[in-house]
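Data first, discussion second: the structure below is written as structure tokens.
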Amino acid sequence: MAATSSPPETDKEPNWFSRMFSSKNSTSQGSSSTNRVTSIINPSFESFGDMLRFRRSADYHPTQQQATMDESLVDIAVNAESDISSLADKSKGTIDFFHTPSGAITTTQGSHYADWSTIDWLSDQARDRLRHQVITEQKTDSMWKRFVAFHDALSGWLCVLLVAINIGIIAAIVDIGAVWLTNIKIGVCLPAFYLSQEQCCWTASNQTYDKYQHVHCAHWHEWSSLFHITSNTAADLNNNNNNNTDFLGVFFATICAILVRTFAPYACGSGVPEVKTILSGFIIRGYFGAWTLLIKSIGMILATSANLLLGKEGPFVHCSSCCGNIFARLFPKYGQNEAKKREILSAAAAAGVSVAFGAPIGGVLFSLEEVSYYFSLKTLWRSFFCAMIASLIVKILSPFENQHLGLFYVGNKYRWFYFEMIPFIILGILGGLFGALFIKLNLAWCKIRKTTRLGRYPVLEVIMVALVTLIVSYPNPYTRMPMSTLIRRLISSCEPDDESLLCDYRRNITSAHEKNDIAKPLSGVWISMGLLFSALFTQTILFIFTFGIKVPCGLFIPSMALGAITGRIVGILFETLVYYWPDFFLFTIECSAADEECVVPGFYAVVGACAFLGGVTRMTVSLVVIMVELTGGLSYSVPLMCAALISKLVGDALVGEGIYDAHIKLNNYPYLDIKAEFIDQTTATDLIENKQDKNELIMLPRDGLTLSDLIAILHTHKYNGYPVIASIEEASIIGFVLRRDLESIIQQRTLSNVESNMNTYISFSRT
């Protein structure tokens, strides 16, 4: 795959780096004693031997005052005689387990990446190779050096282990907290207030279910009955409960929005577009910080319990990446090298999906297919290990098992036949159409939010969306229930003793062991169909306006819920078709030999959920694996693959990108998709504008500039880099030097207390 290809090696392009402050003295000084400094800018190596020669020539001893300036080489990449911890900068917040000599120079370009800038993959890889070589050479010197080498080799596995344990703990807390807060809006369990309604009634002997499969028992008390609020009619009682639910839901949403706006603005949204951008090599300071992790974890609990049309599965990828960034600081190998750090972030992203769905293999494939930019085989192993441990931690800590494991679990009890590929293809087409419609409308609304005064009041927008959602959702029992409960209900089959409206069929069954044939749907089924159509319409509109508000919000579960609704509707219609036309040749052959129901609407809900999520995100392989792990049935892989592939093809034909890539473009992130194809015959000459007459093209001549001239250029023209030309008269480019490297060497001169003459000439040369 394209995602597994490594960045180009350094020997494929010419390597330019400069040697500043040459021995040319300024004529204005008229003295041969003018200070001369030699420094190396932006070192790159064309071979392993070049790295060796460079390291041996880069020894720097600031305490040796008698040494000449030509011998005092200031190496901005590495000081080989210092301890290995000085091979990279002490980034902000980095914890170094090893001692760093006080005289060692630790300035590197890896830690000098500015906010909203792009990392240098080649330079970081070269520094890591050099760091590894130094450790290998020094491990035979002493037992401590041997331990350092062993720690360096094991640090990657230790880091992903810490990430997996912590994201597993966070996921368990978020799951339990979200379920409890969702139920606390309705009532409380008096024997144990920390239990949800379903858990409270597990031990009760008088469980009852209503026509929508809602459980009731004596231990669970709604707020109206707890405070002895009496009503003359059942409608008044429902209105009182509705008011309580609306008030608490808006309260939770408001608290979540205030926390995000006040403490961690980066905690809003899904986070997956930003994770993709950062993994591609972009720098966004603070996006993976500790405050972001804390507020996003709390916000997921509050936003989900507010009954907003959003999920917490996507934000888990952001939270796990925050854990990866935080724990990478404990290991200088990763915390001080941005390219290496992205290996940990890729593994952390896999763990995020693993704890979100209980699908560790699907999480690894999600990281590979959807978010990672550079995914080596070593990263694949660590991602697999991290996802496995994270899923295990959630299973251990959750007192009621992994809730996501039971979300789609149906086992192998459903059978499908080849003629059902027709409705599966229809669901794939509907999923692609829904994905294209959602992306178009959601992007249009997000642009309105960004370009109007609405964007200035994010908290007010969250309050209004929460209030409208709660008011619109309460009359419909299928929108009133949490989305996870709705999905679980829609994918379930209709057992003979099921008396809910969705399973209102006329069956002639006298024993539970008899064959469960297709039966005639009665009025309850058609009432449920009407409610599901209403839920599909209202939830789609609310979903468009909800995704993108300033709270933690994901789209996995909402997309799956809408797909499950559509799939159940299609399944009921196809089941009715088979019932009324049983003599059709396709139905006669297969259904007569079937031991169970020929058409199961619950399985169509599973396929519909896969199709709709695929239409929105354009996931394929990882989506199918996640759905197979969720359902627990390997025999469902072909229908799921068909639905995911068709939805992607239809979506790509209408809108050429998924929701994550669309939001990357909306936010103007510098993301270059490695899977995209560019066909353009335009040459560089057609695009270059001649700016020499306007004096806007800033170039650095190889010879003739003084140190004061260079500082003035850096101060006046704040570009990221400057082309180096042969001379002012002959403006042929010979190289390019980055601004951060020039600033770094000047700063090193200041920190090392080496006096420099501002009129000293500098020179750039290719070595």
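For all residues, glycine too, the Cβ spot is worked out from N, Cα and C.
Features as listed in TrEMBL:
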- 22-33: compositional bias 'Low complexity' (COMPBIAS)
- 692-752: domain 'CBS' (DOMAIN)
- 1-37: region 'Disordered' (REGION)
- 153-174: transmembrane segment (TRANSMEM)
- 247-267: transmembrane segment (TRANSMEM)
- 288-310: transmembrane segment (TRANSMEM)
- 344-368: transmembrane segment (TRANSMEM)
- 380-397: transmembrane segment (TRANSMEM)
- 417-439: transmembrane segment (TRANSMEM)
- 459-476: transmembrane segment (TRANSMEM)
- 525-549: transmembrane segment (TRANSMEM)
- 561-582: transmembrane segment (TRANSMEM)
- 602-628: transmembrane segment (TRANSMEM)
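Long-range neighbours of the transmembrane segment (153-174) within the same chain, counting only residues 6 or more positions beyond its ends whose Cβ lies under 8 Å from a Cβ of the stretch, are 293, 297, 300-301, 312, 316, 319-320, 323-324, 327-328, 330-331, 333-334, 343-344, 347-348, 351-352, 355-356, 378, 382-383, 385-394, 396-398.
The stretch in closest packing with the transmembrane segment (247-267), judged by the count of Cβ pairs under 8 Å and taken from 344-368, 380-397, 417-439, 459-476, is 459-476. Counting residue by residue with DSSP, the domain 'CBS' (692-752) contains 23 helix, 17 strand, 21 coil. Listed stretches 288-310, 344-368, 417-439, 602-628 were compared with the transmembrane segment (380-397); the greatest number of C-beta pairs under 8 angstroms is found for 344-368.
Only residues 6 or more beyond the boundaries of the transmembrane segment (459-476), in the same chain, are considered here, and those with a CB under 8 A from a CB of the stretch are 242, 245-246, 249-250, 252-254, 256-258, 261, 306-309, 449, 531, 534-535, 538, 542, 545-546, 549-551. Counting only same-chain residues 6+ beyond the ends of the transmembrane segment (417-439), those with a CB under 8 A from a CB of the stretch are 540, 543-544, 559, 562-563, 566-567, 570-571, 574, 586-587, 590-591, 594, 598-599, 604, 607-608, 610-618, 639, 642-651, 653-655, 657-659, 662.
Taken as a whole, the domain 'CBS' (692-752) shows an average pLDDT of 80 in this prediction.
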